[in-house]
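Chemist: Below you'll find the structure I mean.
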Amino acid sequence: MNYIPTQTFYGRRWRPRPAARPWVAPPPVYYPPPPPVPVDPQAQQMQQLIAAVNTLAIRQNGTRTPGQQRRKRQPNKPKRKQTPPKKQNPAKTKNKQKPQPPKPKKRKPGKRERKCMKIENDCIFEVKLEGKVTGYACLVGDKVMKPAHVKGVIDNPDLAKLAFKKSSKYDLECAQIPVHMKSDASQFTHEKPEGHYNWHHGAVQYLNGRFTIPTGAGKPGDSGRPIFDNKGRVVAIVLGGANEGARTALSVVTWNKDMVTRITPEGTEEWTALVTTACILSNLTFDCSLPPCAPCCYEKDAEGTLRMLEDNVDNPGYYDLLAASTHCDAPQRRRRRGLTEDYKAYKLTKPYIAYCSDCGNGQFCYSPIAIERVRAEASDGMLKIQISAQIGLQVDGAHSWTKIRYMKGHDVEDTDRNSLEVFTTGECTVHGTMGHFIVATCPEGDSLTVAFVDKHKVRHACRIAYKHRVPVLGREHFTVRPHHGVELPCTTYAMRTSVTTEEIEMHVAHDVPDNTFLSKTGNKVKITPKGKSIRYNCTCGSKESGVTKQDKEFDNCEVSQCHTMVTAHDKWQFNSPYVPRAGSGKKGKIHVPFPLSNSTCRVPLAPLPNTIPAKNGITLQLHPVAPTLLTYRTLGEKPEHHTEWISESCERTLPVPEEGLEYTWGNHAPVRLWAQLTTKGSAHGMPHEIFSYYYGLYPATTVAVCVGLACVILLALSASCCLCVSARNKCLTPYALTPGAVVPCTLSLLCCAPRAKAATFAETAAYLWAENQTVFWMQFAIPVACFMIVTYCLRHLMLCCRTASFLVAVSLGMGATQAYEHSVTLPNAVGFPYRAHVDRPGFSPLTLHMEVVSTSLEPTLALDYVTCEYKTVVPSPKVTCCGMSECAHQQKADFQCKVYTGVYPFLWGGAYCFCDSENTQLSEAYVERSEVCKHDHAAAYRAHTAALKAKISVTYGSTNGTAEAFVNGESTARIGDLKMILGPISTAWSPFDPKIVVYKDEVYNQDYPPYGSGQPGRFGDLQSRTTESNDVYANTALKLARPSAGTVHVPYTQTPSGFKYWLKEKGDALNHKAPFGCIIKTNPVRAENCAVGNIPVSLDIPDAAFTRIVDAPSLTGLKCEVATCTHSSDFGGTLVVEYKTDKVGTCAVHSESNTAVMQETSLSVTMDGRGTLHFSTASASPSFVLKVCSSKTTCTAKCVPPKDHVVPFPANHNNVVFPDFSSTAVSWLTHTMGGATVVIAIGITIFLIVTCIAFSRH
């Protein structure tokens, strides 16, 4: 379902045209009013001045004297109609009616509100649940939209039966509007200039991308209401709000140009109207916010109130009932929340004494400030400590910042908060305290101690083994927040004591045995409660037992026969594993302050490195202040990823290949660099300069060519020498064997031999002409044939050396086409343009420019589960004295339960048992998601087929624009009247594996166990579908152990969290090692700007884009002169064209050769006959055909290599193995080969001549 509506009809409700009524008189003819008389500005100012003076005079005349008292203005009373008095019976008198207070007058809606109400009358409908309005649904475009969190059914029979599709990402439900209701829909717009907009309650301000209203203008129940602009178009739909003091920030769903956006400020609450929940008390159902008077509140009936809360602990309205039970003054009226209000729930609780393994002296004890739990989920290093004492409360439960209350025996006492100490290896900084909780920042250490001094000047402490290490935030170590740096997202414990989503369980305290209340006088045993509730059990006489608050005596009894216990069931205490559980298993709960919240933390920025560029590399001079992380990767198909922590000043040389390098230093943004084809020497100089030039670019090829050339020259010399020696031997051998023979003059000159008798050349030629003319002509044909063969080979060798080169910033240029339907193939690389020249008969050529702006490869994901850190919940053990207990299975993750017998001796420790045998302890433990799971969790997904979306910039003629479409061969995109279809892409590739893990903004390609098959200590040991669902699965190897004699506790063993282990061993994320330079992002998971494959594009160019030849300028005498040229460096060439024209205009510019590409797509033709253009090339001596309008010319240049070794932009290079030779290099090569060829030709010629002469002699 697309959540962008289609605008099909924007009118209000359609009304039929009234039928013709001939009997009704026609309306009068309308005459336009006369034109207004022009107003004189001076006369108008004079009239305003006279009116102001008259008004001032009237006010002065009505002013009272200084001594006159101001009379109170009486309200206007309606005059009663006077009636004649009636005779009244004096015996009967009427009771006087009490005057009724005037009803408050309703405020008249303002102009904005009236306008919105008029539009809302047709386009919004109420959503009702159990007859009560919970929100609204809105008709926008061709869709009906309703917030997903608004429960209920739309109050319309046609809309109620629609099938809605839900989007949890946008918190929206969407369905198609019935056809007969499309006229009621409102228009929508994505245009949102900053200013004021309208909604049901007045004005809405839009500033810096946020919608805000005055606090109090919106309320729960407004979810789903639209926000309109001044034209009545919907710009957003309200979902909720966040109170920010004087103003409230709205959470809305709005539209951008091509997508839906959800704006959710921090602390947003959903504005759905809450349906009143019902609580139960003794089969009586009542509103949770209005409990009955028995019990009405905690002060009137403490135990009854706790029982009522325990019975409704799982009710959704529990906290409403808790708040109402702690406010006995006026529970029905609205209460203003404050700091004191947040402490109200602690009236129902009390501190407690619990087991501590080290009370500061190396010995265990039962401490009033025992440490229950230490939490360190905050990424800024804060600790959240839970203790058994309560901070910020007095003895009576009243709020006081300066007090700590604690248990002393059976009584609650308080002392000064200033005596509170928290330290590890050093003193901690306490940021906030409330109830059982302390938030502090501590130095690193292996133990944690909390201590205080009571009012009797006795110091109480508790120390536990806790390894505290401050987490590294960002990519640089630091100990103190810097003055200057960069803000990174982090988590911290917010200093808020208001109601949160976290809670702790409470229960009624166990009865505490104490025989100090017993005394004996004579043969009587007396119980003196001393103001407490005492549970007694005496085995003497009639075996009496019960509960008393008064003194009580037993005759004929001994103190040893009676047992007394202090029972107090009017207070809750924390469900601690170090305190026995009460007899009843009921429990309550209260909120936990200081919730873990998302925030931003300032982290330092290391000094920027000094960079020294080199050929195909860069040297970084690093000077870190603290240990700083350096990472880099190449951007090719096989990325090489490296990570290193730098602690001291040093230098690191990084290779920069042609495909690019990305490095990240500390908390700075990533830097991308690309290598350029820089070299020494010159392609147009002397041979040694040419050798240096090509050796710097293509060392292997240059060496191979030089070695081959040297071999050819040596072979030529050797062959020529061999031929000469052979010819000499053939010439001289016959004369050497004949005595007295004289060598002819010709042979003596050719063979360097003394003259002998032989025929002369003329005689030999005459002899061959007379005897064998065939051999005579062969003497002349053989040298000519050799010369022709050598010339032909040299010609083709020069043509082969001039290979075609790739463009520096472009793919290959396309040829001309004869129709407006055009197909191109774009490289899937951001920043590389494509140019083409489209020819159409009767029209001037049209230059087409296309460039990929961005791409996004988004896979289809299926969530398997979410995993995070677990929390082990250990309830208070259930100690049964003189009896047995049995485990009851509970639907909890990794639930464990065991019963241990004989663990407590008679009257021992905190077990409070009076039997010396058959004392049992029931231990329980299970696993839950930790509170940090909402902020720190990993999601396991199965990735399917990925869809590629590309944004392409197109320029043709005078039209340019950007379009975005899926690259699938079907989706259509338009820019003006241009229609194009992208894809499918040539290479179906995705950087994502079939199974991926998403953690915050990082993605990992890794396998994971399926749901329900997690292993202890590994990824997936705790699994759930979402961070709030109840389907929690856990396998943590949780095992209960037998408690040791001497303490009340629940020992257990458990494998450490597999999620935390995975965080340490997860390795490098795909974000840092994705191939082809992909940028990996989340929400949604996608890979952006992956440079792989090609994108075919089918274009349908409109006829209006072409210019007829008769309208285009005509150019003659077109000439091209290259001013400067730097190859392989963006558009580093500049050329000047000269021409003659008959009129001014605009001509399309295009290079018809693949050697160069033009930066400009058109040239403004002027009567000056001169223009400047820029081009890009990868050739050292390019020669290309430039076409301007219908005229052509050839441009030739001699280019120099770029000077910068490394640049921050990508550039393609000539990647062929055999390089492109310059004309100068080819000239020198031709001369060298020609010299070797001449040497060989001379040797061959001599050999052939000698051979022919030898044949002629025989």
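The backbone N, Cα and C atoms fix where each Cβ goes, and this holds for glycine too.
It should be emphasised that the depicted structure is a prediction, and the values quoted were computed from it without experimental measurement.
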Chemist: Where does the N-linked glycosylation site label fall among Asn61, Asn537, going by Swiss-Prot?
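Modeler: That would be Asn537, per the N-linked glycosylation site annotation in Swiss-Prot.
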Chemist: Labelled region 'E1 fusion peptide loop' by Swiss-Prot, one stretch among 759-776, 903-920, 1227-1244. Can you tell me which?
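Modeler: Feature region 'E1 fusion peptide loop' in Swiss-Prot: residues 903-920.
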Chemist: Disulfide-wise, see what Swiss-Prot says Cys288 is paired with, picking from Cys279, Cys296, Cys297.
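Modeler: In Swiss-Prot, Cys288 forms its recorded disulfide with Cys279.
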Chemist: Choosing among Cys538, Cys601, which residue does Swiss-Prot name as bonded to Cys562 by a disulfide?
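Modeler: Cross-referencing Swiss-Prot, the cysteine bonded to Cys562 turns out to be Cys538.
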Chemist: Among Cys801, Cys897, Cys933, find the residue that Swiss-Prot gives as the disulfide bond partner of Cys868.
Modeler: Cys933
Chemist: Cα of Cys123 (disulfide bond) to Cα of Cys1189 (disulfide bond): how many Å, rounded?
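Modeler: With the alpha carbons as reference points, the distance is 56 Å.
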Chemist: I'd like to know which of the disulfide-bonded residues Cys138, Cys297, Cys442, Cys868, Cys882, Cys1195 sit within 10 A of Cys328 (disulfide bond) at the Cα level.
Modeler: Cys297
Chemist: State the three-class DSSP label for Cys1120 (disulfide bond), counting H, G and I as helix, E and B as strand, and everything else as coil.
Modeler: strand
Chemist: Have a look at the recorded positions Cys442, Cys490, Cys540, Cys731, Cys1252 and say which one has the shortest Cα distance to Cys868 (disulfide bond).
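Modeler: Given the candidates Cys442, Cys490, Cys540, Cys731, Cys1252, the nearest one is Cys490.
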Chemist: Neighbour count first, Cβ atoms within 10 Å, every protein chain included; then name which of Cys1120, Cys1147 tops the list of disulfide-bonded residues.
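Modeler: Highest number of other Cβ atoms within 10 Å: Cys1147.
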Chemist: Just checking, which of Cys328, Cys868, Cys933, Cys1189 (disulfide-bonded residues) has the fewest C-beta atoms within 10 Å of its C-beta?
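Modeler: Ranked by other Cβ atoms within 10 Å, the disulfide-bonded residues Cys328, Cys868, Cys933, Cys1189 bottom out at Cys328.
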Chemist: Quick one: pull the CA-CA distance for Cys1120 (disulfide bond) versus Cys1147 (disulfide bond), whole Å only.
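Modeler: With the alpha carbons as reference points, the distance is 15 Å.
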Chemist: Which one of these disulfide-bonded residues has the most other Cβ atoms within 10 Å of its own Cβ: Cys490, Cys1090?
Modeler: Cys1090
Chemist: Which one is it, among the disulfide-bonded residues Cys138, Cys540, Cys601, Cys1090, Cys1189, that lies nearest to Cys442 (disulfide bond) by Cα separation?
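Modeler: Nearest by Cα distance to Cys442 (disulfide bond): Cys601.
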Chemist: For Cys557 (disulfide bond) and Cys882 (disulfide bond), what Cα-Cα distance in Å is obtained after rounding to a whole number?
Modeler: 23
Chemist: C-alpha of Cys1189 (disulfide bond) to C-alpha of Cys297 (disulfide bond): distance in Å?
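Modeler: With the alpha carbons as reference points, the distance is 93 Å.
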Chemist: Go through Cys123, Cys138, Cys601, Cys882, Cys1078, the listed disulfide-bonded residues, and name the one with the sparsest Cβ surroundings, counting other Cβ atoms within 10 Å.
Modeler: Cys882
